[in-house]
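S.K.: Mind having a look at this structure? Questions to follow.
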Amino acid sequence: MTNIRKSHPLLKIINKSFIDLPAPSNITSWWNFGSLLGICLMLQILTGLFLAMHYSSDTATAFNSVTHTCRDVNYGWVLRYLHANGASMFFICLYLHVGRGIYYGSYMYTETWNIGIILLFTVMATAFMGYVLPWGQMSFWGATVITNLLSAVPYIGTNLVEWIWGGFSVDKATLTRLFAFHFLLPFIISAMVMVHLLFLHETGSNNPMGIPSNMDMIPFHPYYTIKDILGLLLMIMVLLMLVLFSPDMLGDPDNYMPANPLSTPPHIKPEWYFLFAYAILRSIPNKLGGVVALVLSILILXXXPLLHTSKQRSMAFRPLSQCLFWLLVADLLTLTWIGGQPVEHPYIIIGQLASILYFSIIIVLMPITSIVENHMLKW
């Protein structure tokens, strides 16, 4: 008699995805972040669901409803800070996951990579909308500044912005619709994650050497289930340290002031995970140019398979490309720092140079370096 997990219509899907899935025997801890992202998504949906039960999406009561959740609801503060810092963990895992994909050439699985980019955009949109909901000063002004960027679209820009606002400024209608979309999008993300996995399981996982591993596969369970649980425990530990010891470390103190359309905060800036893109946006002294650069800073990932000129897939044995990769990481950290600084000398010029370097590394330097490495290996 066949094992029920292999014969039952539902269980066999789970079996083929998480139990009997053949996986390369040499994938490292950099491959843990996919499962961690799945856990983050589930955590965000659960905490978000319970927060939504106590939230009121009206400009008059939104700020107070969040305060009420923190003060009067049993463990409401835990829910709120798990959700806020869970978003930070989500983005840390996301950026490490994408970085792993770039380093080891996982982008050569184009379908998986492309839906991953769409997922990244969707998660960023969801996080932005979530940041508006507490209706503090930074929520309101962040929403005003970022939605206003759409007015840079030629001809239809102003109409587009007013259509999104539901009026002539960020107000009650805006908050209500952003709450609706913030609630809806994670479920769409969940569906897209399934498609992401579907495409991945068509090809199987990549591995650190970037070579086919069909001759050396091991079952996902127990080897990688145990490995994923270790990663999960470490992530939960870091998250709980954040939530229980310094829940506001990554937030902005301005958001503890109720939204006031009549007073602008001294420095409007998004959450830390958007600062690199915000720095790129600000480094171009033209509104439309800045918006284009902002979108391209993520969309450029779609070109990674087209810009791959190396005869090897992974960077594991390409020291010059490795140097460029870590330069790119350092550049992104620099941009993140600049995004949180005021617009004044010397931050302006540093941001502009870092932005130029970001695009140069990806579009020009990496493909050229790969060609040089091919010649060095006489390929």
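Each residue, glycine too, has its Cβ placed from N, Cα and C.
Here's the feature list from Swiss-Prot:
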| type | residues | note |
| --- | --- | --- |
| TRANSMEM | 33-53 | transmembrane segment |
| TRANSMEM | 77-98 | transmembrane segment |
| BINDING | H83, H182 | heme b b562 binding site |
| BINDING | H97, H196 | heme b b566 binding site |
| TRANSMEM | 113-133 | transmembrane segment |
| TRANSMEM | 178-198 | transmembrane segment |
| BINDING | H201 | ubiquinone binding site |
| TRANSMEM | 226-246 | transmembrane segment |
| TRANSMEM | 288-308 | transmembrane segment |
| TRANSMEM | 320-340 | transmembrane segment |
| TRANSMEM | 347-367 | transmembrane segment |
S.K.: Indicate the candidate from H83, H97, H182, H201 with the smallest number of other Cβ atoms within 10 Å of its Cβ, considering only these binding-site residues.
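M.R.: Checked H83, H97, H182, H201; of these binding-site residues, fewest Cβ neighbours within 10 Å: H201.
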S.K.: Residues sitting near the transmembrane segment (113-133): Cβ under 8 Å, six or more positions beyond its termini, same chain?
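M.R.: Cβ under 8 Å, 6 or more out: 48, 55, 57, 62, 66, 87, 90-91, 94, 98, 101, 106-107, 139-140, 142-143, 146, 174-175, 178-179, 181-182, 185-186, 188-189, 192-193, 195-196, 199, 270-271, 273-274, 298-299, 301-302, 304-305.
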S.K.: Which residues, given as numbers and ranges, are at least 6 beyond the ends of the transmembrane segment (288-308) yet have a Cβ under 8 Å from it?
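M.R.: Apart from its flanks, the transmembrane segment (288-308) reaches 98, 102, 105, 107-108, 110, 113-114, 117, 120-121, 124, 149-150, 152-154, 276-278, 280-282, 355, 358-359, 362-363, 366-367, 370.
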S.K.: I want to verify one value. Collapsing DSSP to three states, which class is H182 (heme b b562 binding site)?
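M.R.: The residue in question, H182 (heme b b562 binding site), is helix (DSSP, three-state).
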S.K.: State the non-local partners of the transmembrane segment (347-367) in its own chain: residues 6+ outside its ends, Cβ under 8 Å from one of its Cβ atoms.
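M.R.: Same-chain contacts beyond the flanks: 279-280, 282-284, 293, 296-297, 300, 303-304, 307-309, 321, 324-325, 327-328, 331-332, 334-335, 338-339, 341.
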S.K.: As a test: from 33-53, 77-98, 226-246, 320-340, pick the stretch that has the greatest number of Cβ pairs under 8 Å with the transmembrane segment (178-198).
M.R.: 33-53
S.K.: Between H97 (heme b b566 binding site) and H83 (heme b b562 binding site), what is the CA-CA distance rounded to a whole number of Å?
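M.R.: Here the two Cα atoms are 20 Å apart.
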S.K.: Determine which residues of the chain contact the transmembrane segment (320-340) at the Cβ level, with the cut-off under 8 Å and only residues 6 or more beyond its ends counted.
M.R.: 99, 102-103, 269-270, 272, 274-280, 282, 310, 347, 350-351, 354-355, 357-358, 361-362, 365-366, 369-370, 372-373
S.K.: With a Cβ cut-off under 8 Å, give me the same-chain residues at least six positions beyond the ends of the transmembrane segment (33-53) that come close to it.
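M.R.: For the transmembrane segment (33-53), the far contacts come to 69, 79-80, 82-83, 86-87, 89-90, 93-94, 96-97, 100, 130, 182-183, 186-187, 189-190, 193, 228, 231-232, 235.
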S.K.: Within 10 Å of the Cβ of H196 (heme b b566 binding site), how many other Cβ atoms can you find? Include all protein chains, please.
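M.R.: A count of 21.
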S.K.: Can you give me the Cα-Cα distance between H83 (heme b b562 binding site) and H196 (heme b b566 binding site) in Å, rounded to a whole number?
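M.R.: Between the Cα atoms of H83 (heme b b562 binding site) and H196 (heme b b566 binding site), the distance comes to 24 Å.
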